[in-house]
Every structure is written in structure tokens, then in C-alpha cells.
Amino acid sequence: MIYQSPTIQVELLEDNIAKLCFNAQGSVNKFDRETIASLDAALDSIKQNTNIKALLLTSAKSTFIVGADITEFLTLFQQDDATLLAWVEQANAVFNKLEDLPFPTASAINGFALGGGCETILATDLRVADTNARIGLPETKLGLIPGFGGTVRLPRVIGADNALEWITTAKDQRPEDALKVGAIDAVVAPENLEAAAIQMLHDALNGSLDWQARRTKKQSPLQLPKLEAMMSFATAKGMVFSVAGKHYPAPMAAVNVVEQAAGLDRDGALKVEALAFIKLAKTDVAQALIGIFLNDQFVKGKAKKAGKLAKDVNQAAVLGAGIMGGGIAYQSASKGTPIVMKDIAQPALELGLNEAAKILTTQVARGRSTPEKMAKVLNNITPSLDYAAIKNSDIVVEAVVEHPKVKATVLAEVEGYVSEDAIIASNTSTISINLLAKSLKKPERFCGMHFFNPVHKMPLVEIIRGEHSSEETIATVVAYASKMGKTPIVVNDCPGFFVNRVLFPYFAGFSGLLAEGADFAAVDKVMEKQFGWPMGPAYLLDVVGLDTGHHAQAVMAEGFPDRMGKNGKDAIDIMFENKRLGQKNTKGFYAYSVDRRGKPKKDIDPTSYELLSAEFGELKAFESDDIIARCMIPMIIETVRCLEEGIIASPAEGDMGLVYGIGFPPFRGGVFRYLDTMGVANFVALADKYAHLGGLYQVTDAMRALAANNGSYYQA
């Protein structure tokens with residue numbers, strides 16, 4: 001053994017080829033500070049051993065290296081620029097040491113080689129991947145750019161255009177695609193991986209592979225004619241801005257770094273990259289996006305723990321077909337759990353099956369699936385008009401019309417057809433789980449399971465715990481949601497649960513603006529372009545459906561009359577009363593037509609303005625900051641109330657619910673991250689300016705106390 005540490009072992013193979021194996025103590029290899037220090041020490045040992053003629057990098061795990069240890073980032077990025085620069089330069093010195101070894105080097109890539117893992121293989125001369133490999137630089141998803149030489153070496157290996165696409169889109173690449181552009185040199189079966197990499201090193205040693213020319217190319221300025229460079233970078237900037245926009249600076253920073261470093265050698269280019277990396281690391285956007293990544297891991301970790309208490313779900317059922325039922329059936333069947341789709345009407349069953357088939361057909365057309373896989377998924381869905389079909393189900397998801405009496409009747413019927421230990425869940429968005437539980441003989445096996453529409457696209461599922469729901473019930477439904485490929489958050493029962501409870505104060509803030517004469521299209525523009533929502537409140541209400549919005553608003557007003565009760569009509573009432581239901585009947589706040597691709601296209605409709613002005617008078621202009629404050633303060637305060645009341649268990653789950661459930665702008669990180677970034681004291685001072693508008697704008701005593709103590713919701 002040439003070198004051994006808790007994360008890396010180096011041994012000498014035949015023909016004086018050294019094998020450096022990444023083998024961290026956890027389930028995967030990551031680049032934390034310990035591993036970088038171990039790699040540095042291992043390379044020193046390798047350099048000192050004069051018998052070594054070549055080096056092979058491998059992994060003892062099922063993946064190569066998944067990237068940097070993100071958990072270290074938030075504390076690391078709190079340090080001053082000089083300390084952070086020293087850390088980046090120290091890490092880069094290690095990668096340079098690997099690249100500068102006096103003999104050929106190769107990487108045998110199994111599974112994921114992402115971020116720092118990808119930068120590691122780029123520092124070697126030769127790269128062989130197995131058929132399961134995935135290679136990429138995902139840093140821009142975290143608001144960063146690669147910091148260990150990714151923007152320097154990748155363009156010199158695969159060309160500027162390909163490298164910019166890889167870096168700015170942050171997508172994992174399949175091995176065949178990586179081979180096509182020259183990022184790797186061969187793709188082999190997993191069982192042949194190490195042998196193929198060793199053979200490549202032999203080819204380098206005997207002169208049939210010019211490893212030194214490959215290395216020199218990586219260490220030299222980018223070979224790109226001036227005119228071609230101008231066109232390449234101008235095109236990349238245009239494409240990046242159209243996709244990322246102004247709120248996500250990392251992709252554009254990556255283009256600028258590659259451009260600025262194009263004429264420099266490796267060491268000069270690495271300095272450009274390091275300075276840009278540090279600048280981005282200090283941004284609120286990076287803090288927010290890294291926070292989302294860590295929150296996602298936290299929520300999924302909780303779901304994994306719940307899995308230990310969960311019962312197996314081998315057969316599921318959904319009651320109520322149609323679009324929602326079809327979406328749930330598709331999601332279950334596509335992830336391997338057969339499901340019965342039960343309804344009382346054949347046309348509804350056909351609609352549900354058509355919904356599943358439509359999703360699958362689109363996937364096949366886009367090359368994301370095959371006709372064989374489509375057939376397998378559809379065969380996993382059994383439509384039925386008979387309750388007898390659900391008798392062997394381990395879980396039944398009720399998804400009938402959103403009406404308490406109808407749901408209660410259906411739930412009582414279901415209990416008579418399933419086994420004693422089958423779990424029953426209601427896909428309701430507003431109806432109290434405790435109320436619905438009264439219709440069951442065994443309420444302990446019942447909870448809420450709130451899917452968001454469209455089911456196949458929306459990652460969140462709210463699992464609602466009723467006062468009688470058992471831990472096994474909650475754990476099983478959480479595990480089933482995870483198995484379906486969803487991110488579950490567990491919330492306690494209250495009107496609107498979590499997501500709708502905090503969404504409707506936002507709509508109330510919007511309605512208040514319109515009642516004072518604000519232009520709904522102007523409000524949408526500010527909330528989309530400046531705050532960063534994917535849709536402004538008027539557009540979102542049209543998409544949700546103003547009938548749905550009107551119903552949910554009434555539920556919220558009844559549940560929280562002090563804050564959400566209304567005096568007189570608001571804009572939602574006016575649209576609903578005039579049968580303007582949104583996209584579903586082509587007219588809401590906006591008018592809708594179908595574009596060439598068959599998608600809804602919105603247009604300004606004068607009738608909406610006439611209806612609103614008849615009630616609220618002439619239009620009046622509002623400042624952008626005023627619009628944002630009027631809409632966001634109610635949502636933020638209500639979200640904090642949910643944490644204080646125990647509706648949600650943690651800021652992390654609250655923020656993930658908002659980002660995944662209603663599209664809260666990821667670059668802001670969620671309400672709690674937004675509050676911490678803004679400063680709780682600053683928010684309280686802002687809210688106090690609007691407190692005269694009513695309870696929705698009045699902060700809680702606990703918020704005021706936190707502000708006075710200069711506290712935060714996330715602990716550093």
C-alpha cells in the first residue's frame with residue numbers, strides 16, 4: 001500500500017501502474033476538505049515513489065464522486081474573500097498536482113462524476129466511463145460556477161460551445177453524449193471498466209496514445225480563432241439571458257469567465273475562475289439555491305426515515321378518475337406500483353386513462369420513453385366501475401369532487417371494501433381531515449394526501465396528519481409518495497393545510513390592490529419580472545380556476561375570519577359571478593385562445609377591466625415596491641404563523657413546500673430564507689408600515705421578539 005487514509009487508498013498494480021481509489025466512509029464519495037487534503041497527501045506519496053509509471057483513478061462506491069460536500073458551503077462562504085480565495089487556490093493546487101504528474105493518468109468513471117468529480121477526471125489525461133456513468137458540472141444550479149478548474153479544462157477538452165452548454169444548463173450527460181464531444185475516450189460495460197482504463201494507460205506508455213499532447217492542450221490558451229470566439233460567446237450570452245434572466249447570474253458569469261480566460265494559460269485562467277467563483281459564492285442567490293439543495297436533502301432524509309415505519313405498498317387504488325385521478329394513476333404506475341382507477345362513470349375512466357396515455361405519448365415523442373415502457377405503465381393501471389376491484393389495495397387515495405358530503409360518503413363506502421389494515425387517504429386541497437375522519441370507523445388509518453396539478457409535473461405532495469392519524473399511517477403515505485417520485489412534507493390539519501393557507505393571503509393582498517384601483521396586468525408584471533414568480537396572481541388564479549379560487553377563499557374566510565374574512569366583493573368574487581373561470585372556459589382576468597402548439601395563450605380582455613372598474617372605479621398606478629409589499633407581506637406572515645402553530649415542523653419544510661408547491665422564486669430560497677436574507681427586523685419594520693390594512697399585515701409577537709434579538713429562522 002502506497003498511501004491509505006479514511007477516504008483514499010493507493011496501491012501498486014502490475015506493470016508499475018498505481019491505483020488511487022476513492023473510498024469515503026459514507027455511502028458516496030464527496031469532495032469535502034478532508035478528501036481534498038487526502039488527495040493532496042496521496043499525490044505526494046505517488047510523486048515520491050519512483051517505481052510508478054502511470055496512475056489510475058477509481059472509486060470503490062457505486063458512483064465515482066458526486067461532487068463537493070455542499071453542507072460545508074454555507075459556513076465556508078461566510079468567511080472573508082481572502083480566506084475563501086486561499087481555499088479555492090489550495091484545492092486547485094491539488095488538481096494541478098494531479099494534472100502535472102510526470103506520467104500518464106486515467107480515470108475509470110462509474111456512476112456519477114459531477115461537479116468536483118467531473119473536475120477530477122478532467123485533470124487526468126485519459127477518461128473511460130461505464131455505461132451507467134453520468135458526467136456534468138451542475139454548479140450553476142446552486143448559483144455558482146465550477147471552482148476547481150471546470151471552466152478552464154472543459155472548454156479546452158470539448159470546445160467552447162459544448163463546454164458552455166454543459167456548464168450553463170448544468171445537466172448530467174450520458175456517457176454516449178460525453179464520448180461524442182470528446183469529454184471521455186471510451187464507454188465500456190461496468191465489468192470491463194478497470195481493464196479498459198489500464199489498457200489505455202498501456203497504450204499511453206507504449207506511445208500509441210499521445211497523452212502529453214492532450215495535457216498540453218489543457219494547460220494552454222483556448223484554441224479558438226478571434227472571429228469564431230466573438231460569435232460563440234455572443235450567441236451563448238444571448239441564449240443564457242433568454243433562459244436564466246437577470247435573477248440567476250451564475251450561467252452568465254460562466255460564459256464571461258470562459259471568454260475572459262480564453263487567451264490565458266491554465267494558471268492564469270484558474271485565477272479568473274477563482275475570483276468569479278468567490279464573487280458568486282457571496283451572493284444571496286447562491287445562499288438561497290444552496291439552501292434549497294440542503295432543504296431538499298433534509299426533507300428527503302425525513303421521508304427515508306419514515307420509510308422504516310412504513311408498511312409495504314404493493315397495490316394502490318385511486319377513487320375518482322378524470323384528469324386528477326388519471327394523473328395520480330399515471331404517477332403510481334410509472335414508478336412501479338400497480339393501481340386500480342375506480343369511478344362511477346365510464347366516461348370519467350376513459351378521461352383518466354387518456355390523461356395517463358397523453359403524458360406517456362408526449363414522453364415517447366420526446367425520446368424520454370419507449371412504446372414498450374408506455375405499454376407497461378398503462379398495463380399497471382386497471383380501470384373499474386366496481387368497488388370489488390379495490391379489495392386488495394394497500395392504500396386507497398380518494399380523489400373525488402371537492403365537496404365534504406360527497407367525500408365523506410365515498411370514504412365510508414371504501415372502508416367496507418378494503419382490508420382492516422389498508423390505508424385510506426384523501427386528496428383534498430381544503431377540506432378538514434379531522435372532519436372527513438368522522439365518516440370512518442378507523443380514523444387512525446386515514447390522512448390527507450394533497451397532490452398538486454398537474455400531478456406528473458408538480459414535485460410536492462402535502463401529507464396531512466389528522467388528530468387520529470397513526471404514525472404508521474403517516475409513514476406509509478410518506479413512503480408511497482416518495483416511491484411515486486414526489487417530495488412529501490407532513491403538515492398538521494388546519495383550513496387550507498399549509499400551501500393553500502399561505503397562498504390565499506397573497507391573493508387577498510392582490511385583491512386589496514385591485515379594490516384600490518390597481519391594474520391586475522401591472523401587478524402580474526411586477527410580481528413576475530421583479531419578484532420572480534413564474535405567474536403573477538391574476539394569471540395564477542386563471543390557471544387554478546376562479547371557481548376553485550372562490551371556493552377555497554370561502555373556506556379560508558370561514559377558518560380565519562379575523563384575518564381572511566371579507567367586507568364586500570373582491571376581484572375573485574366579480575370574476576366568479578360573471579362566470580369568468582379562467583383558462584378552463586377561456587376567460588378570467590385574461591382572455592385565452594390556443595396557440596399553434598395547442599397551448600393556452602393569454603391576452604388582455606377589456607371586459608375584465610370594465611367589470612372591475614364598475615365596482616372599484618378608475619385605475620390607479622402603484623409603485624413596484626408597494627405592489628410587492630402588499631402581495632408578499634400577508635403570505636410571509638401567514639407562513640411564519642404556520643411554523644409557530646406547528647402546522648409545519650421546520651423552516652426547511654416550509655420553504656420546500658412553497659418552492660415545490662406554488663413556484664416561490666427559487667433564487668429567493670423560500671419565505672424563511674427570504675426573511676433571513678432581508679433581516680427579520682427589516683421585515684417587521686416594513687410590515688408595520690402596512691399594519692393599518694388589517695390582520696394579514698400584522699406580525700406576530702414571536703416575530704417581533706426574534707427581530708429585537710437580531711435572530712434568524714435558519715441557524716448558521
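From the backbone N, Cα and C atoms, a Cβ is placed for every residue, glycine too.
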From candidates Ser429, Ser432, Ser470, Swiss-Prot puts in the same NAD(+) site as Met324, Asp343, Val400, Val401, Glu402, Lys407, Asn453 the residue Ser429
Met324 (NAD(+) binding site) versus recorded positions His450, Asn500, Tyr660 - nearest by Cα: His450
Among Asp343, His450, Asn453, which are recorded as recorded positions, the nearest neighbour of Glu139 (site 'Important for catalytic activity') by Cα: Asn453
If you count Cβ atoms within 10 Å of the Cβ of Glu402 (NAD(+) binding site), leaving out that atom itself, what do you get? 17
Cα-Cα distance linking Tyr660 (substrate binding site) and Lys407 (NAD(+) binding site), given in Å to the nearest integer: 26
If I restrict to non-local contacts, at least six residues apart, and a C-beta distance under 8 angstroms, what lies near Asn500 (substrate binding site) in its own chain? Ser429, Thr430, Ala552, Met556
Using CB atoms and a 10 A radius, I'd like the single residue among the binding-site residues Ser429, Asn453 with the highest neighbour count. Ser429
List nothing but the largest Cα to Cα distance in Å, as a whole number, among the residues Met324, Asp343, Val400, Val401, Glu402, Lys407, Ser429, Asn453 that the record says bind NAD(+). 20
Protein Cβ atoms within 10 Å of Lys407 (NAD(+) binding site), excluding its own: 23
Going by C-alpha distance, which of the recorded positions Glu119, Asp296, His450 is nearest to Glu402 (NAD(+) binding site)? His450
